[in-house]
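Taken verbatim from Swiss-Prot:
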SIGNAL    1-20  signal peptide
CARBOHYD  Asn99  N-linked glycosylation site
CARBOHYD  Asn152  N-linked glycosylation site
ACT_SITE  Ser166  active site
CARBOHYD  Asn340  N-linked glycosylation site
ACT_SITE  Asp379  active site
ACT_SITE  His438  active site
Amino acid sequence: MKTTVVYLVILCLIVSCTNGETKHVRKINSDGSEAWGYVEVRPKAHMFWWHYKSPYRVENPSKPWPIILWLQGGPGASGVGIGNFQEVGPLDTFLKPRNSTWLKKADLLFVDSPVGAGYSFVEGNQKDLYVKSDEEAAQDLTKLLQQLFNKNQTLNQSPLFIVAESYGGKIAVKLGLSVIDAVQSGKLKLHLGGVILGDSWISPEDFVFSWGPLLKHVSRLDDNGLDSSNSLAEKIKTQIKNGEYVGATQTWMDLENLISSKSNFVDFYNFLLDTGMDPVSLTTSLKIKKEEKIKKYSRYLNDMRSLSDVEDVEGDLDKLMNGVIKKKLKIIPNDLIWGNNSDDVFTAMEAAFMKPVIEDVDELLATGVDVTIYNGQLDVICSTSGTEAWVHKLRWEGLEEFKKMEREPLFCESDRATRGFTKSYKNLHFYWILGAGHFVPVDEPCVALKMVGEITKSPQL
């Protein structure tokens with residue numbers, strides 16, 4: 001890829017105003033390969049987006065090039081930062097080309113959602129403007145898509161694939177349904193290619209019940225730890241059943257703290273690691289604050305790269321996003337600190353955090369839209385066994401046939417080592433990715449790229 005440095009030349013600035021207030025801001029780089037901006041999705045609520053046009057794009061009117069909308073987890077983590085620079089974007093946090101960028105298979109649209117994540121913001125730090133539910137987050141994203149797609153023929157002719165990681169999966173399911181409704185009512189012009197759920201927090205109850213047995217099986221918990229874990233999981237189940245969702249979120253934190261203590265701080269994103277291996281070490285305290293959970297989500301990825309041969313200022317995502325990237329973009333408010341409000345976003349959605357969306361996945365499948373699930377073998381927080389448990393609760397008419405299907409092995413290029421398995425029936429697809437934790441594109445970039453190509457049906461390079 002030609003891009004080895006961040007583009008600095010800006011060709012155009014388009015600002016549309018109402019009553020003297022800036023509503024939408026858009027910028028494009030010198031060769032048109034990147035565009036970014038803000039959309040005011042609600043009064044005083046501004047959502048940031050960044051679109052990369054793929055240099056591998058094949059112009060074929062009969063088969064339009066796909067575009068991927070990437071949604072991060074948290075809620076409160078930044079897709080523009082984490083998903084882009086640490087996972088699938090064209091450059092890594094050292095601003096070096098990423099060989100496994102998903103631009104090889106599709107255009108990429110990163111969004112900081114919900115508002116308050118990353119570069120997105122509310123005016124005057126009015127916390128009551130943060131969304132409180134997955135439905136509200138999906139509504140904001142639908143408004144953003146209307147602004148970006150309705151008047152852009154290139155975009156609205158491309159199939160849009162909503163790809164989500166972790167908590168982003170809950171919002172992605174709601175967004176898929178919202179997009180279908182908006183398209184059918186004539187409010188949105190786009191073609192929904194599918195919804196892809198990567199290690200997604202679809203059914204919190206099923207996941208918390210999976211943690212104890214999984215960690216006992218891999219020797220990170222003993223019988224005492226298993227019993228304690230299952231006891232708190234039962235409490236969470238009761239709280240969810242009674243609609244006590246805030247209480248369930250608090251008990252979820254208690255359960256993570258308990259498991260951390262009993263397992264000598266197993267990493268919830270990869271059970272082969274300790275959290276003490278991360279830059280954010282939790283070994284000094286058994287009490288994990290919400291903001292530390294959000295920071296840990298990103299800093300886990302920082303730790304996957306060796307920083308020993310570079311200066312401390314290089315490779316750090318916080319410094320990158322608040323430094324050279326903020327300077328490049330030119331439209332970020334001067335007083336905005338990237339990622340500074342992630343905890344406020346999480347707190348606002350505390351009552352939504354433990355709500356399941358299995359019924360919404362059922363509804364999505366019933367529309368005929370392709371739903372793809374992928375899961376890393378080594379993940380704990382959104383474990384494969386937990387994912388399989390909620391999938392088996394689906395009421396979709398094709399579930400029994402799906403369960404009967406044989407899996408096919410996955411390989412990476414000429415390497416014949418088994419990298420995973422997949423199976424499909426009608427519009428439900430599942431990928432089991434071996435050797436990967438919570439962040440599949442980071443741990444197994446080659447097979448992840450192959451998977452994305454299969455999902456989007458992109459031309460072979």
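Placed from the backbone N, Cα and C atoms, the Cβ positions cover glycine too.
Per Cα geometry, His438 is the residue among the recorded positions Asn152, Asn340, Asp379, His438 nearest to Ser166 (active site). Within 10 Å of Asp379 (active site), counting CA to CA, the recorded positions Asn152, Asn340, His438 contribute His438. In space, Asn99 is the closest of the glycosylation sites Asn99, Asn152, Asn340 to His438 (active site), judged by Cα positions. For the pair Asn99 (N-linked glycosylation site) and Asn152 (N-linked glycosylation site), the C-alpha distance works out to 29 angstrom. Minimal Cβ crowding within 10 Å, among the recorded positions Asn99, Ser166, is found at Asn99. The Cβ of His438 (active site) has 26 neighbouring Cβ atoms from other residues within 10 Å, across all protein chains displayed. For Asn152 (N-linked glycosylation site), applying a Cβ distance below 8 Å and a minimum sequence separation of six or more within one chain yields no residues.
Cβ neighbours within 10 Å of Asp379 (active site), excluding its own Cβ and spanning all shown chains: 29.
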